[in-house]
Amino acid sequence: MGEPINSFPSGLLPDEASPEWLNKGDNAWQLTAAAMVGLQSVPGLVILYGSMVKKKWAVNSAFMALYAFASVLLCWVMWGHQLSFGDKFTGIIGKPNVAVTQKYLLEKQYDKMIPVADYVFYQFAFAAITVILLGGSLLGRMNFYAWMLFVPLWLTFSYTVGAYTIWDKGFLSRHIIDFSGGYVIHLSSGVAGFTAAYWVGPRNPSDREHFPPNNIIHMMAGAGFLWMGWSGFNGGSPLAANEITALAVLNTHLCTATSLLVWMFFDLIFHSKSSVIGAVQGMMTGLVCITPAAGVVDTWAAMFMGVLAGSVPWYTMMILHKKSAFFQRVDDTLGVFHTHAVAGVLGGLSSGMFAKPNLIRKFYKTEHSESQQGPGLLYSIVNANEDVYAKDGFKQMGYQILGALFIAAWNVVATSLICIFVSRIVDLKMHEDELDIGDDAIHGEEAYALWGDGQRHPPLRSLTPKFPAFFRRV
């Protein structure tokens with residue numbers, strides 16, 4: 001007999017840079033997915049925010065997103081990642097440590113076939129987009145210096161708690177179904193954004209009454225980055241290029257398309273016009289709603305969730321918000337509470353209802369996992385037998401509700417304390433002249449330089465930050 005033939009091409013053989021545990025396909029997909037999530041923020045939300053606001057706020061709104069993206073990355077590798085996914089410290093947060101050493105970054109990511117460096121970058125992109133989404137509630141009036149302080153503080157004391165509690169070793173991590181961040185990312189950003197908007201205060205009255213987008217085509221382009229980037233957002237959560245990944249991507253787009261169309265039809269029925277801004281809002285609620293369930297529900301359930309995502313947040317934003325004195329009191333610029341908090345809770349509860357037992361096993365119950373998620377309430381009732389009981393489904397729904405309550409309560413308290421602390425150092429809200437002028441007063445720049453624009457007539461006053469007495473009253 002001849003010599004045995006090697007079963008792998010030379011490019012797939014292990015070497016010093018590709019140890020035996022590393023799967024090159026999984027590694028390539030994970031890096032791609034992380035880059036797609038990053039593109040949702042830069043340039044996705046940069047373009048969306050810069051286009052969805054009045055012209056005088058375009059630069060400031062886009063810059064808030066760009067600053068947050070850079071700031072979160074440094075905070076994430078210096079302490080944020082380990083607070084979220086490091087060694088256990090308490091039931092809600094890990095031990096602070098750096099995530100920059102070669103020894104740590106080149107290790108295997110638990111039972112996955114990728115290095116830790118992949119996971120650090122992927123989770124950074126999640127953390128960054130959460131803070132930027134939160135910022136959508138604050139556009140058009142938050143002092144940029146206050147925003148510079150708020151971002152690292154909120155990441156440290158709010159986001160990391162949600163990530164550790166739901167996704168890593170926290171007291172809810174073995175029970176909650178949150179495939180890609182319906183609670184950790186969207187519920188937290190919606191609640192925190194609404195809370196911060198309360199503390200910062202409302203926009204200039206003329207802005208609040210009339211706030212048209214300055215460029216609808218660019219707004220749609222930014223929305224497109226979000227929609228297509230969500231393939232990495234949900235498709236990256238299995239940390240492998242497997243069948244759950246493919247299902248998650250397909251479900252993501254089905255739910256989103258359904259939600260967009262439902263929102264559009266509601267606009268047509270009740271307002272006699274199909275609104276581009278409404279379609280973008282419907283797109284967003286569909287993306288958010290499917291996020292906690294993307295890889296653990298059937299496609300029919302994803303489309304049904306799209307119907308819910310296009311109708312329930314539409315009602316809370318277009319009807320309830322206008323009738324409620326509570327919602328009217330708080331100036332949530334882009335309606336982040338409705339598109340993210342409401343849709344996030346809707347998705348979390350739908351996950352507890354429609355999660356399919358075999359998909360739950362494939363995603364959560366791996367060889368080294370002690371997870372106890374599932375089954376969904378629907379399947380626990382329909383398929384009740386010796387392995388699946390109806391009480392298990394009700395128990396899962398109970399955990400989904402508990403998780404939503406914990407994330408909401410923590411974000412209200414933590415965000416309030418952070419805003420109060422920042423207000424002792426620098427004003428949370430811009431000064432009146434800055435609110436009137438916008439970008440030119442804040443950054444000395446304008447979004448569009450048409451003929452004759454950009455010429456400063458009287459020089460603007462110095463815009464050095466003011467630091468009032470630390471213990472002054474709010």
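Just so you know, glycine gets a Cβ as well, placed from its N, Cα and C.
Unlike curated entries, TrEMBL annotations are predicted automatically.
Sequence-distant neighbours of the transmembrane segment (28-50) (same chain, 6+ residues past either end, Cβ-Cβ under 8 Å): 58-59, 61-62, 64-66, 68-69, 114, 118-119, 121-122, 125-126, 128-129, 132-133, 135-136, 139, 215, 218-219, 221-223, 225-226, 228-233, 235-236, 239-241, 245, 334, 447. According to TrEMBL, the feature transmembrane segment maps to 28-50 (among others).
Over the domain 'Ammonium transporter AmtB-like' (28-448), the average per-residue pLDDT in this prediction is 94. Taken from TrEMBL, the feature domain 'Ammonium transporter AmtB-like' covers 28-448.
For 57-79 (among others), the entry in TrEMBL reads transmembrane segment.
The feature transmembrane segment is assigned by TrEMBL to 119-139 (among others). Long-range neighbours of the transmembrane segment (119-139) within the same chain, counting only residues 6 or more positions beyond its ends whose Cβ lies under 8 Å from a Cβ of the stretch, are 30-31, 33-34, 37-38, 40-41, 45, 49, 53, 57, 60-61, 64-65, 68-69, 72-73, 76-77, 80-81, 84-85, 99, 105, 109, 112, 147, 151, 154-155, 159, 163, 181, 184-186, 188-190, 192-194, 196-197, 200, 233, 236, 239, 332-334, 336-337, 340.
Among the features that TrEMBL reports, transmembrane segment is placed at 146-167 (among others).
Residues annotated as transmembrane segment in TrEMBL: 179-201 (among others).
Listed as Cβ neighbours of the transmembrane segment (213-233) (distance under 8 Å, sequence separation of 6 or more from its ends, same chain) are residues 32-37, 39-40, 43-55, 58, 126, 180-181, 249, 252-253, 256, 276-277, 280, 283-284, 287, 291, 447-448. Look at TrEMBL and you will find 213-233 (among others) tagged as transmembrane segment.
Per TrEMBL, transmembrane segment is recorded for 245-269 (among others).
Feature annotation from TrEMBL assigns transmembrane segment to 276-294 (among others). For the transmembrane segment (276-294), same-chain residues at least 6 beyond its ends with a Cβ under 8 Å from one of its own Cβ atoms are 52, 177-183, 185-186, 213, 216, 219-220, 223, 226-227, 230, 233-234, 237, 247-249, 251-252, 255-264, 267, 301-302, 305-306, 308-310, 313-314, 317, 335, 338-340, 342-344, 346-348, 350-351, 354-355.
Residues or ranges marked as transmembrane segment by TrEMBL: 300-321 (among others).
Marked as transmembrane segment by TrEMBL: 333-355 (among others).
Cβ atoms under 8 Å from those of the transmembrane segment (401-422) belong to residues 146, 149-150, 153-154, 157-158, 161-162, 165-166, 172, 175-176, 178, 183-184, 187-188, 191-192, 195-196, 199-200, 341, 345, 348-349, 428, 474 of the same chain, restricted to positions at least 6 beyond its ends. Under the heading transmembrane segment, TrEMBL lists 401-422 (among others).
Sequence-remote contacts of a segment are chain residues at least 6 beyond its ends whose Cβ falls under 8 Å from one of its Cβ atoms, and for the transmembrane segment (245-269) they are 29, 179-180, 227, 230-231, 233-238, 275, 278-279, 281-283, 285-287, 289-291, 293-295, 297, 299, 302-303, 305-307, 309-311, 314, 318, 359. Taking every recorded stretch in 57-79, 146-167, 179-201, 300-321 and counting its Cβ pairs under 8 Å to the transmembrane segment (333-355), the highest total belongs to 179-201. Remote same-chain partners of the transmembrane segment (146-167), defined as residues 6 or more beyond its termini with a Cβ less than 8 Å from a stretch Cβ, comprise 64, 67-68, 71-72, 75-76, 79-80, 83-85, 91-94, 123, 126-127, 130-131, 134-135, 138, 173, 176, 178, 183-184, 188, 192, 196, 200, 403, 406-407, 410-411, 414-415, 417-419, 421-423, 425-429.
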